[in-house]
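Undergrad: Pasting a structure below so you can have a look.
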Amino acid sequence: MNLINNANKKLFEKINNLKNYSCQVKFSDAIEIEINDFDDNIIDLAKDLKPWRKGPFKLNATLIDSEWQSFIKFNGLKPFLNLKDKIVADVGCNNGYYMFKMLELEPKSIVGFDPSVLSFLQFSFINHFVKSNIKFELLGVQDLPNYNIKFDTILCLGVLYHRSDPIKTLKELKSSLNKGGEVFIDTMFIQRDDEFVLSPKSTYSKIPNIYFIPSIKALRNWCERAKFKTFDILSIKNTDFNEQRKTQWIYGESLENFLDPNDPKLTIEGYPAPKRVYVRLS
């Protein structure tokens, strides 16, 4: 596997050289891992793997306090997830937090897709202790149609606005489903009643790779063009400082730095602040 640079190779070697610890795992809001014969080298390695965007994870008494309180999103989706004996994909899976949480729902298999090497390293580190059969592919959503299996359920959370051709992305998700399958997406949207799409000039919330933020009507149109037959809105919520915030486990800025300090209803660029819609497609 090409891990791109020597620093990543060294981290991968450190993960592979970890002892085969005996562990107990609890899937609460944090993925809690109680490690027998725990030593400080484990925490040193976790710190070397910063920034931790998704989580949290707890290794004995040490909380990896991720930027995102990802259990908020998962707990909102969980009542709609019927995963028992299903073949599941998590597209844009980051470090696998949602995949680990889905284990308790007894899917047949889980495959994560994310081209980020750091995400793969974090996943490999956590999975060394969890010892799951989750598979992580260093691939993106564009690789799904040519993947060797189809899926009953696909999660694609926080990805669509990072794609320069969102309709193509939705088509790729649709083509990767088994018959009767479903896709769960969450995406930022603009609160308007018409068929409107915001295309930021250069950045949105200081993020350069956000291309299109639709109104819900425009999002529905995209999904219909991708040949989805059903469009079920599960929830709508604002992103707030409880869900996304700066911690000692990340570098740089977080949501509080991305919004207008004089008006938190606006981004630093003057666009409407992030709102998210959660949708089930089939």
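Cβ coordinates are placed from backbone N, Cα and C, and glycine is handled just like the others.
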Undergrad: Per Swiss-Prot, what member of Tyr21, Tyr161, Tyr211 joins Lys54, Trp68, Lys73, Gly92, Asp114, Pro115, Ser116, Arg276 in binding carboxy-S-adenosyl-L-methionine at one site?
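TA: The record-listed residue among the candidates is Tyr161.
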Undergrad: Here the binding-site residues are Lys54, Lys73, Arg276; which one has the lowest number of other Cβ atoms no more than 10 Å from its Cβ?
TA: Arg276
Undergrad: Can you tell me whether DSSP puts Asp114 (carboxy-S-adenosyl-L-methionine binding site) in helix, strand or coil?
TA: coil
